[in-house]
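Notes to accompany the following structure.
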Amino acid sequence: MVSDRPCCYFAYGSNLHPLRLGLRTPTAELVAVAELPGHVLRFHKRSDADGSAKADAHGTGEPTHRLPGAVYRLDPADFAALDRVEGLGPGGYELALETVETTAGEALEVFLYRALPSHVVTGWRPFDWYRDLVLRGAEWHGLPAAHREAVAAMPVRRDPDPERRDHHDRLLRGLAAWQPGAGYALP
């Protein structure tokens, strides 16, 4: 656990869309669109909760690799809730502190969730709704077209749980209808 966690969180996966994150952490406030140097998006984190692949900020060390995402300011009171839904620790993610560069050229210290090596798998696919959450967030923030196209092209599988699938389909419809200033509630 990182004790001196900054209040800024870098979202690159299913928490990219402000409504998705705001439903989980009501104090979320968008700060900037940014890029994490030396990282790429991979859907290779094993979810023990639902048996699918989740997103990971995979470090490559290659300076030309830049993972786009969004920086949100959170009240520290929301950290525990976010840690829980993200699966910090036994769920397969660890906290990482990194420096991102905003589209305005500002360097920001952030925290993010990175897959533990024990939970990195090959050959697994995300559920279609999970990939679509990442894509809707990328579209909402206007992330680079090449990134959006790569997310859209990610092979997926259908969630076999109809209740979970219906829940996320409702969420995706809500993301499409949501407007800033409407608060963090599904329209």
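Note: Cβ is positioned from N, Cα and C throughout, glycine not excepted.
According to TrEMBL, the protein carries these features:
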{"type": "ACT_SITE", "residues": "Glu86", "note": "active site, proton acceptor"}
{"type": "BINDING", "residues": "Tyr9, Phe10, Ala11, Tyr12, Gly13, Ser14, Tyr130", "note": "substrate binding site"}
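Projection of TrEMBL feature records onto the structure.
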| residue | record | Cβ contacts under 8 Å, 6 or more apart |
| --- | --- | --- |
| Tyr9 | substrate binding site | Asn15, Ala28, Val71, Tyr72, Arg73, Leu74, Leu82, Val110, Phe111, Leu112 |
| Phe10 | substrate binding site | Ala34, Leu36, Ala57, Gly69, Ala70, Val71, Glu98, Val100, Val110, Phe111, Leu112 |
| Ala11 | substrate binding site | Leu21, Gly69, Ala70, Val71, Tyr72, Leu112, Gly137 |
| Tyr12 | substrate binding site | Leu36, Leu41, Ala55, Ala57, Leu67, Pro68, Gly69, Ala70, Leu112 |
| Gly13 | substrate binding site | Leu41, Lys54, Ala55, Asp56, Leu133, Val134, Gly137 |
| Ser14 | substrate binding site | Arg20, Lys54, Ala55, Tyr130, Leu133, Val134, Gly137 |
| Glu86 | active site, proton acceptor | Tyr93, Tyr113 |
Substrate site span - longest C-alpha distance across Tyr9, Phe10, Ala11, Tyr12, Gly13, Ser14, Tyr130, in Å: 20
Cβ packing number for Tyr130 (substrate binding site), 10 Å threshold: 24
Secondary-structure category, per DSSP, in which Tyr130 (substrate binding site) falls: helix
Glu86 (active site, proton acceptor) - helix vs strand vs coil (DSSP): helix
Where Phe10 (substrate binding site) sits in the secondary structure, as DSSP reduces it to three classes: strand
